[in-house]
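A.B. asks: Here's a structure for you.
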């Protein structure tokens, strides 16, 4: 038998090694997920029981009531995090990405639900699009109904943004309740601190937490996972100890019978207490939102085998302790810790609270970035905190706003119960929004039966609806905070989106006529000087009205013109090979091209100084491809501004259309190179960091191809000479004003709200990483 087993196993060795590599990679990702995903969820035992026994329920400290509360916590953890998120929702990924915007992205790709302008032109030939089978009859009718009514599509976007605003609210509330709950353990020690001293200590920790955000999480990320794992082991051990010592009968409360008994005994008071019980699920959304950094299997393993059992045992132990010590309701967690391990657990609890807060703050930065990609948030400064970890960003303005709001809530409430009420409203609202969006994904993206989607909606929607109704009852006791914050952010998003769309519609309806351009001739009626002019516009088709403003007011213009349009598409990431869409405007002698630069909603525009070179190579590749494809060339010439081609940057760089050679650029930096002074060398380094486009210069030459078409060679030579002459970035410095005939509300939104946001946000040239020294801005007033 042994030789046969050896002989039969040897052919499977490569597959076994492959399976082992996959398993080890999954286990490593599962380990890393503890520090990023589960920091918030794992610290919820600090405040759940305290937030549950409030109001009239404080008088019900009997064993049956405590058993009922634990039973509710157990089934809440089982139904929402385990079944809904881990088993179902993690499968609703968007090319590996999760979160509210991932669900919206899936819907926009399987139906014309997007409100982003010119989306179809920017979406051409994206391999990231994964479509399912043909739609079922019922879903097709529902999809046509939604696509037909713009108000419904607008409502869909508003629901997504409302969920995003609630996530931003989490970024304010999570640090406040986590840190304040962790340091409240100092109130149960021998030398008790007063409430004011605890709040002061919490504020100091919060200021330090936000002040260190600009360093990025990657510098201390290696500590996050061990902290959370030690924390989970600690609360698991304490839970086992309390269960065995105080009341092993708590195991009976795993039965749903105690849930029914709890509501039968407490009635309305038990229903209101759900606002505190739901806090055991806070942080659940992070499992789905952070899916892009890990895999579904790694998150499932970490939650199913470690996080879930540790939380259940900890809540069980607290309930067993409270059943024998009901007077410790207000400080149940720290009172239940055995004296010999109190201080180690306190330190780990504080560190775990900081880790959980850090993860939520980072997620808030990501949400703001994604809202901006949808055109629903003003331009803000995005700082990349890691050169190696993609997606690690820091937004200074948002960071300080979050800090001020967090300190205001901590100082204003000074009570974890009130903060917990606000926190519960934010969390259950995000879950409710996710349930509705997942229902639509089941119908349109997964192509499943409408009855299955309705069953999913009714089951989980009913559970979350009950929790939401209980949370609404606590609006006056702190629940108004996330609603107020969401309202403010929604107003900002609406005003920015409305003003941006009005400006875009003005450009769309005032495009320059191609007949007028053709009538001017290849010279456009002005002097065409050497150089390349990159004209930035929101239009993906046609020529913007501001171009006629340039032509009629400038005595000369560049010989090569490229209309650049930067667009966000409903996919998380766009590969560099599919970044550029190149086309031609007007016939070949005009030397006018169009370039659409595409980014996903999670893509980050990096200032690496290669944009000009990649653009020139892509245009050269397009010219060569157009000449080789007679059919494409003829159709393009006939339409003048029609079909475009995806130009891979890799194929363009390896193309024989142009030969690139790097050279030292003769500028201020190269003058400093000749000096050996350490001061000047440091100055050179600083200069290059501030001006990455001046670090090197790429010169292009034509390869020796006797068979090359003379017209193509001439066009490529014009492109090379124009690049040598210099590249200028041309943008419209626009002022948007409401027409005199507009109503009062529109004038308020455009002339006051949108104008204020434009003046106080980053300029478009800064957001697009355009070198200031090469920028030309021309003023123009938009009357919308």
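Even glycines carry a Cβ here, placed using N, Cα and C.
TrEMBL does not curate its annotations; it predicts them automatically.
What TrEMBL records for this protein is below:
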{"type": "DOMAIN", "residues": "29-517", "note": "domain 'K+ potassium transporter integral membrane'"}
{"type": "TRANSMEM", "residues": "66-87", "note": "transmembrane segment"}
{"type": "TRANSMEM", "residues": "152-173", "note": "transmembrane segment"}
{"type": "TRANSMEM", "residues": "193-213", "note": "transmembrane segment"}
{"type": "TRANSMEM", "residues": "220-241", "note": "transmembrane segment"}
{"type": "TRANSMEM", "residues": "271-289", "note": "transmembrane segment"}
{"type": "TRANSMEM", "residues": "301-321", "note": "transmembrane segment"}
{"type": "TRANSMEM", "residues": "341-368", "note": "transmembrane segment"}
{"type": "TRANSMEM", "residues": "389-411", "note": "transmembrane segment"}
{"type": "TRANSMEM", "residues": "423-443", "note": "transmembrane segment"}
{"type": "TRANSMEM", "residues": "450-473", "note": "transmembrane segment"}
{"type": "TRANSMEM", "residues": "479-496", "note": "transmembrane segment"}
{"type": "TRANSMEM", "residues": "516-536", "note": "transmembrane segment"}
{"type": "DOMAIN", "residues": "530-782", "note": "domain 'K+ potassium transporter C-terminal'"}
A.B. asks: Run the contact check on the transmembrane segment (389-411) against the transmembrane segment (450-473): 3 or more C-beta pairs under 8 Å, excluding pairs closer than 6 in sequence.
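C.D. replies: Counting Cβ pairs under 8 Å (6 or more apart in sequence), the transmembrane segment (389-411) does not reach the transmembrane segment (450-473), since there are fewer than 3.
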A.B. asks: For the transmembrane segment (423-443) and the transmembrane segment (271-289), does the number of C-beta pairs under 8 Å, pairs 6 or more apart in sequence, reach 3 or more?
C.D. replies: yes
A.B. asks: Does the transmembrane segment (66-87) come near the transmembrane segment (450-473), with 3+ Cβ pairs under 8 Å (pairs 6 or more apart)?
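C.D. replies: These two stretches do touch.
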A.B. asks: Near the transmembrane segment (271-289), which same-chain residues lie under 8 Å Cβ to Cβ, leaving out any that are not at least 6 residues past its ends?
C.D. replies: 36-45, 47-55, 57, 69, 72-73, 76-77, 80-81, 85-86, 89-90, 98-100, 167, 174, 263, 299, 303, 311, 315, 356, 359-360, 363, 417, 420-421, 423-424, 427-428, 430-431, 434, 466-467, 469-471, 473-474, 479
A.B. asks: Should anything in the same chain at least six residues away from the transmembrane segment (516-536) have a Cβ under 8 Å from its Cβ atoms, list it; otherwise answer none.
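C.D. replies: For the transmembrane segment (516-536), the far contacts come to 543-544, 546-548, 550-551, 554-566, 586, 589-591, 615-616, 640, 719, 721-732, 764, 768, 770.
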A.B. asks: When you look at the transmembrane segment (450-473) alongside the transmembrane segment (341-368), do they share 3+ Cβ pairs under 8 Å, ignoring any pair fewer than 6 residues apart in sequence?
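C.D. replies: No, the transmembrane segment (341-368) and the transmembrane segment (450-473) are not in contact.
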A.B. asks: Out of 193-213, 450-473, 479-496, which stretch touches the transmembrane segment (152-173) the most, going by CB pairs under 8 Å?
C.D. replies: 479-496
A.B. asks: Residues of the same chain, at least six outside the transmembrane segment (450-473), with any C-beta under 8 angstroms of its C-beta?
C.D. replies: 79-80, 84, 88, 136, 138-139, 142, 271-275, 277-278, 421, 424-425, 428-429, 431-432, 435-436, 438-440, 442-443, 479
